[in-house]
Amino acid sequence: MARQTRTPAKAEAHPSKSPAAGRKTAKAAKPAAAADSKATAPRDMTRPEIAQFLTDLERAWPDAETELHYSTPFTLLIAVVLSAQATDASVNRVTPALFAAAPNPAAMVALGEDGVGELIRTIGLWRNKAKNVVELSRQLIERHKGEVPGTREELEALAGVGRKTANVVLNVAFHQPTVPVDTHVFRLANRTGLGRGKTVEAVEAALERRIPKEMIRDSHHWMILQGRYVCKARKPECWRCAASEPCLYPVKTDRPVIKPPRQTL
Ligand code: SF4
């Protein structure tokens, strides 16, 4: 079962102790421009910049792994399908009861669409997801003897399974060097210059081409946690980012100034 990870390693949370601290950074010395959540890197990172950026992320998120709770490839597949347009936390709230009632494809089919729906109705698109979960369980029994297949083609042929879901299952359950691109990875890759692209497919291809082979698998988890908790959608927290030096985001943010309470006489 995956562990909950919510804050970067201590070294990152405290800039004075961060891996990047002490390095001379020309960008950090510039006055901060107004935050622009849609700004992107003006160029691609160089190979040395990529290596440094990912090494900094690895230090920040040393034990990174999926935040979805699962215990088998089947429960991972179901959790990832349920997580489409829903938070991992919301999925983790419903899966204990769902997996207790249906820990395998046969039990999921027996539970049926209505039974699954009853247990997952707090997450978005629950009706459609209940239908897909039961149908893909039936397909697993019919086509794969109840086992989760280990190829992209077979996974994407299952109900409710798209490219990103297949990539997550291949990465996490089958330890393949895939780069699932969700909203966090897409944003981070374009902001930083790690792998720019206008579409999810273009970013995925750029990341697969540019990230060193030995880092591809783990980099998925580093990027998701970095995007979720530091390089946030509305306003990245560059001032506490361990990978600020090699990042090419043009409008890095400063630490917010907290005004002291007004003194009253
Ligand atoms: S938080 Fe700022 S410095 Fe860090 S990766 Fe995001 S844009 Fe770059």
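Placement of Cβ uses the backbone N, Cα and C atoms for every residue, glycine included.
Feature annotations, reproduced from TrEMBL:
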type	residues	note
BINDING	C231, C238, C241, C247	[4Fe-4S] cluster binding site
COMPBIAS	18-43	compositional bias 'Low complexity'
DOMAIN	82-229	domain 'HhH-GPD'
REGION	1-45	region 'Disordered'
- Message: With every protein chain in view, what's the tally of Cβ atoms within 10 Å of the Cβ of C231 ([4Fe-4S] cluster binding site), excluding that atom itself?
- Response: 23
- Among all the protein chains here, how many other CB atoms are within 10 A of the CB of C241 ([4Fe-4S] cluster binding site)? 25
- Query: Whose Cβ, among the binding-site residues C238, C247, has more other Cβ atoms within 10 Å than any of the rest?
  - Reply: C247
- Query: Going by DSSP, is C247 ([4Fe-4S] cluster binding site) part of a helix, a strand, or coil?
  - Reply: coil
- Sort the residues of the domain 'HhH-GPD' (82-229) into helix, strand and coil with DSSP and give the three counts. 103 helix, 0 strand, 45 coil
- Note on the structure: Excluding C231, C238, C241, C247 themselves, the [4Fe-4S] cluster site's Cβ centre has within 8 Å the residues R191, T192, Q226, V230, P236, E237, A243, S244, Y249, K252
- Query: Given the model, what does the mean pLDDT over the domain 'HhH-GPD' (82-229) come out as?
  - Reply: 97
- Which of the three DSSP states, helix, strand or coil, fits C238 ([4Fe-4S] cluster binding site)? helix
